[in-house]
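Here the structure comes first, spelled out in structure tokens, and everything after it is commentary.
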Amino acid sequence: MPKRNDIKTILVIGSGPIIIGQAAEFDYAGTQACLALKEEGYRVILVNSNPATIMTDKEIADKVYIEPLTHDFIARIIRKEQPDALLPTLGGQTGLNMAIQLHESGVLQDNNVQLLGTELTSIQQAEDREMFRTLMNYLNVPVPESDIVNTVEQAFKFKEQVGYPLIVRPAFTMGGTGGGICHNDEELHEIVSNGLHYSPATQCLLEKSIAGFKEIEYEVMRDKNDNAIVVCNMENIDPVGIHTGDSIVVAPSQTLSDVEYQMLRDVSLKVIRALGIEGGCNVQLALDPHSFDYYIIEVNPRVSRSSALASKATGYPIAKLAAKIAVGLTLDEMLNPITGTSYATFEPTLDYVISKIPRFPFDKFEKGERELGTQMKATGEVMAIGRTYEESLLKAIRSLEYGVHHLGLPNGESFDLDYIKERISHQDDERLFFIGEAIRRGTTLEEIHNMTQIDYFFLHKFQNIIDIEHQLKEHQGDLEYLKYAKDYGFSDKTIAHRFNMTEEEVYQLRMENDIKPVYKMVDTCAAEFESSTPYYYGTYETENESIITDKEKILVLGSGPIRIGQGVEFDYATVHAVWAIQKAGYEAIIVNNNPETVSTDFSISDKLYFEPLTEEDVMNIINLEKPKGVVVQFGGQTAINLADKLAKHGVKILGTSLENLNRAEDRKEFEALLRKINVPQPQGKTATSPEEALANAAEIGYPVVVRPSYVLGGRAMEIVDNDKELENYMTQAVKASPEHPVLVDRYLTGKEIEVDAICDGETVIIPGIMEHIERAGVHSGDSIAVYPPQTLTEDELTTLEDYTIKLAKGLNIIGLINIQFVIAHDGVYVLEVNPRSSRTVPFLSKITDIPMAQLAMRAIIGEKLTDMGYQEGVQPYAEGVFVKAPVFSFNKLKNVDITLGPEMKSTGEVMGKDTTLEKALFKGLTGSGVEVKDHGTVLMTVSDKDKEEVVKLAQRLNEVGYKILATSGTANKLAEYDIPAEVVGKIGGENDLLTRIQNGDVQIVINTMTKGKEVERDGFQIRRTTVENGIPCLTSLDTANALTNVIESMTFTMRQM
């Protein structure tokens, strides 16, 4: 069937900011889809609120709108652009929910916009739990015993019939938001009321728990002619009960018999045919390990996290083909881009094993609730490819960057066996490593199986890994055993530990005896057809399939899994760097291990190596490819941390030299440079022990800010006010980075300013200066950034420009540099310098039209900025005002305090742009999920030091008609100024504030941190309650002030004459 000619313009809705449950996989899917539609000749209009993505680059669509993903804003774009059609299935749950709202409000009908791809009725049938269950009953496909509830009372009625445990699944949410497993009445009450709150339809499915069944997924495609294929089937190692995004996944499935595989395949195809899916779809099934009984769990009628994984696992570009199916093309007329000869109707076959392991944020949130269930907690994931299951698992483990490189914990031998078993009996993010530890201690596989329900097949594989460890110990230095361990994915580091050698000695031993990996191609067809994809993985076999060309090569290190502090912004820079390398005539090679991102799409680079980002794995590739050099400044801290290790092997680091990278991080050298170029910084010292830190603080004066050197995202950074807090910190944090000392700095409260610049060794260009709304002390990734600065004087701007140029030249930067300044006591001070690409590069690149990562890469290759047409200094300002607002995923993480501070907590960001600061802020806040209302009720409870400042704020909110609730201390302060406030009780008292929040009486909460155990606990409870009830909670008065400005701009003030 030819494609549709009756439509010309297509609107694509993106997925918005990165949150837990909806990460970079939609940047990848959306980018592929937009390019595919343009390739077919359609005019593409994209709306997405996330500036950090490749998808929102001007080249990807004909028109790009970076606007909040709300009904009203998208409706305006539809009225303005008059698209013929809307494609909703590539923007995750956000895109789907938006399409449903636009349909129900009549906007699509009024503007004659058709929906492409899967029909709305089918989407609703898959997403609405009641309609889905009805269809399954009609098809005779078993679903777990379940009931749909709209109230907590109904949930208790169902519990009386079936008993515990129960699984709660809210409708129309993603990442299992609001859901969970209930074992008793208290949990049932809490989880169901939460779930009803988060479900746009106020509807939850309660089902009898089938925890312990195998969880199997099929990624399927179907077109309008009813051609349907399975692209990939996957098996979760964790049984049903853990969200698939938090499960360790293997592809293809390993423990299904052919009968089981075909049975579940037939069911998956039968269901998507009945639903009338057109495009990609993910089917999740539960299989009883002891019989042929199965249940269907759910169907995602859209491109999902699993489809990104399936695309990278097979090389089959699901999103690209789904977009083409949506405009009428069919599978039997589209070529598979990997082979270029077979059609898209051929089901991929794999001659390798894929392992995916989720990346959790608990290294950032040590107090977070680690137990895993049906609500997702991982921020990202890694994938690894091997010839055996053991090899792919161990490669995935060392890709995670937890400081773990094997099946065990660094301090594993220090735990006693009872504690280890206790940890295994609970499902959490470290269970896999504790299983390895238990097997080492001789625990039987039967006992582990009874505690975890993990299939014996996988437990035997774990046992095999431990057996090889013992063999290495018994045959130290034996080459046969070394080779054997390499076949099963062991790292040099692990072998060195067992051989009683250093990692370097094992590496040399391998080199001398020619024990090196070869690289195999990912070709979708197990080498049945000729294939030309430049997509490789390493394994220890004989035949190398990676053909080395004569062209000069540059190797770019990617940034690994998405985590807090290192998000999709670094992938954005990586992709742009690769494009610049290709334009300059070099061969561009990427090494990365994140299946969700654009950089690991095989069509981006000349060669993609899907490998762990470790010294050993990267050196193996360098030894084969012999590149001109390696680029580390676009891959975040992951890549920067490898620079030293690679340089020791004689590898050339391109761009800013290693010596200068270290100068920016080394305290004493950096201070010497600042003195030389005459740039001030807050007074500070370094400490290697608690005693030294206390002496430093006494000299500098409290408050001080303390942090380990060489970290990203403000990990383990804190502001402390006295000796006791400092001692506490030093005993906890010196762990954070033992080889590197702790920095103790005077904490200056003032305006924080962020600057990104590019330097070629001679000229420094500054695309933009950004001012933070929150005072210094809130991590830059969690602050609202404003461009251009709104409150700085000409003198301050000139000083910032001058200092930036001095710093870039003083550090001999070649490429990008990011600098944070504070303006305090009438002076500009430098807070920190990062000699690499930063979180704000995509944001500034979009605003100014200066392709920063590409210019930096060209400078690294040796081109001059003046030859590219740029003059030194700050570049001309773009028109309008732009804000970057952070987005948090606190509703997915229990027990995490949401107070903003020097440690980063946000998972993503949105951009707001308009003609005034207030309008841009309105969009930024709306896009980040803060509903800005022109009237309502605000609850204020602030620390003593903030009481004076909060008076002015209360006055302004009162004048625009906001009602004020306050705790007694704050209310008394307001009464002094005749500001009416209703007093609410402290926690546990009469008319207590938590009840008021839970009852929906409050629209905004302003709560600032008070030190001291009891009040800290209260404050923590207040903040968690607001998050769990979906109410904006502002922990910085600067953010509250900005919000008040927006409210004032939307309304009229009422003052008596």
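Indices start at 1 and increase along the chain as displayed.
The backbone N, Cα and C atoms fix where each Cβ goes, and this holds for glycine too.
Site annotation (Swiss-Prot, ligand ATP 2) includes Arg707, Arg746, Leu748, Glu752, Gly777, Val778, His779, Ser780, Gln820; from Glu699, Glu762, Glu832, the additional listed residue is Glu832. Nearest Cα neighbour of Gln284 (ATP 1 binding site) among the listed binding-site residues (Asn300, Leu748, Gly777, Asn834): Asn300. Between the binding-site residues Lys208, Arg707, His779, the minimum number of other C-beta atoms within 10 Å of a residue's C-beta occurs at Lys208. Taking each of the binding-site residues Gln284, Asn300, Gln820, Asn834 in turn and counting other Cβ atoms within 10 Å of its Cβ gives the largest count for Asn300. Most Cβ neighbours within 10 Å, among the binding-site residues Ile242, Leu748: Ile242 holds that distinction in the structure as shown.
Of the recorded residues, His779 (ATP 2 binding site) and Glu832 (Mn(2+) 3 binding site) place their C-alpha atoms 12 Å from one another. Counting neighbouring Cβ atoms within 10 Å of each of the binding-site residues (Glu215, Glu832), the lowest count belongs to Glu832. Among the binding-site residues Glu215, Ile242, Asn300, no residue is found with its Cα located within 10 Å of the Cα of Gln820 (ATP 2 binding site).
Mean pLDDT, taken over the region 'Allosteric domain' (930-1057), works out to 88 on the 0 to 100 scale. Geometry remark: Glu298 (Mn(2+) 1 binding site) versus Asn834 (Mg(2+) 4 binding site), CA distance 45 Å.
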